[in-house]
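Taken from TrEMBL, the feature domain 'Major facilitator superfamily (MFS) profile' applies to 15-441. Summarising the annotation, TrEMBL assigns transmembrane segment to 12-37, 75-96, 108-125, 131-153, 165-187, 199-222, 272-293, 305-324, 331-349, 355-381, 411-436.
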Amino acid sequence: MTTKKDTVKSRLNPAAWVMFTSLVIDLIGFTIILPLMPKLLDHYSLTGGASISFLESTVKTLKEKLNIPEKFNSVMTGGVLGSLFSFLQFLASPLAGCLSDCYGRKPALLVSMVGIAASYALWVVSDNFILFVLARAVGGISKANVSLATAVMADITDSATRAKAMALVGVAFAIGFIIGPVTGAAFSAWGIDSNEGNWWFWPAMFSLTLTVINFGFLSVFFKESLPKEKRAKSLQLSQTWNLVNPVSLFKFQLADGISKKDLEKLKVLGRVYFLFLFLFSGLEYTLTFLTHLRFNYNAAQQGKMLLFIGLLMAFFQGGLVRRVKPGKEKMLALIGLGVIIPSFVVVGLSNSATALYFGLALYSLGSAIVIPCLTAMTAAYGRADQKGAVIGTLRSLGALARAFGPLLSSFVFFVFGAGPCYCIGAVGLILPFVLLRQSPL
């Protein structure tokens, strides 16, 4: 029987809802560009410029040597550009986590917001490809707020509420990925998709405005979650290499002082997290190319598909993951992995909208479960002054996976097509499933 005391213990700290709101605002601004990206690349291709011309000529040369249809060119070009953001995020996330362990979460979050605002300001005036790439680079370096938000959730939760808080992060992603792309598509539908002038001005300005609002919101409503007495005493400069060295990250060397037994468990979780996101992010990134090339989906149909995925993810995360009991995260993560493997086979081989959407339903269930559960399991380790380093390392491994996953999947898609790409990815996802299942976590 659940007592009133148990109910109070399982209630989330108000700071969790502040972070949830901040993430939703941030992710709406972040995802607005998704349906606009093909049009942006077309615009810069038409207006020319040495940098994009070099990229396009490289892809064209590869296409001619491998005798690949020209329609696949955009897959490879997009894959290269899509990886840039995550690679820079990989460099920045653990550093931001460690700095927040020393100086507090709030200052680090606010600095991150300033950087994100600067990236959108550059996008507003990006009338050439160099400025656009610079805007994406500044955004990638500044995009540490997600790992910081996860560290905040770890600060303010215990074993009874941790999974619920991590699921809330997942719900924020789902909502952001519902509203953001739809908003971006709306800007396009309102007739701003001309190739003349800075047609991207209003969506870029909208993202910038949201970030300024987010900065003010955090300044007023977020109360520091890591008190001074629980902060790390200093950040040694000798640790800098460990922040960007993949070997050190896989060993969780930043989490100094954790017991050997717990450290081994963290290493397993890090490998599972990386392998899953490496394969998943690549397949996720090429999804819109698959539907465009195979089903000739336009922007509105792509938006409908993303809306379907986002709504299902929000439903599963809000109704299922938030209710998981402490200690059951591993079981649920295995279920998610078990569901997402066949989903990619179904999507990759689909030849009708019915088959596609059935595969996407499985995809939504699996993706809604795996990341929140793995994050909740990881957040259980370390003292208060180590949470930022632990979560920052995990998020950095995820960013590293997202930096190279799309490149590999885009290349396989580019060379062999969608079906083999998705089936190979599905087979690869068996590895993190087996690794997690056999590990005594």
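Note that Cβ sites are derived from N, Cα and C of the backbone, with glycine treated the same way.
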Query: With pairs closer than 6 in sequence left out, are the transmembrane segment (75-96) and the transmembrane segment (131-153) joined by 3 or more CB pairs under 8 Å?
result: yes
Contact set, same chain, for the transmembrane segment (199-222): CB under 8 Å, 6 or more residues outside the stretch: 15, 18-19, 21-22, 25-26, 28-30, 32-33, 36, 40, 43, 106, 109-110, 113-114, 116-117, 120-121, 123-124, 126, 183-184, 187, 192-193
Average pLDDT across the domain 'Major facilitator superfamily (MFS) profile' (15-441), rounded to a whole number: 85
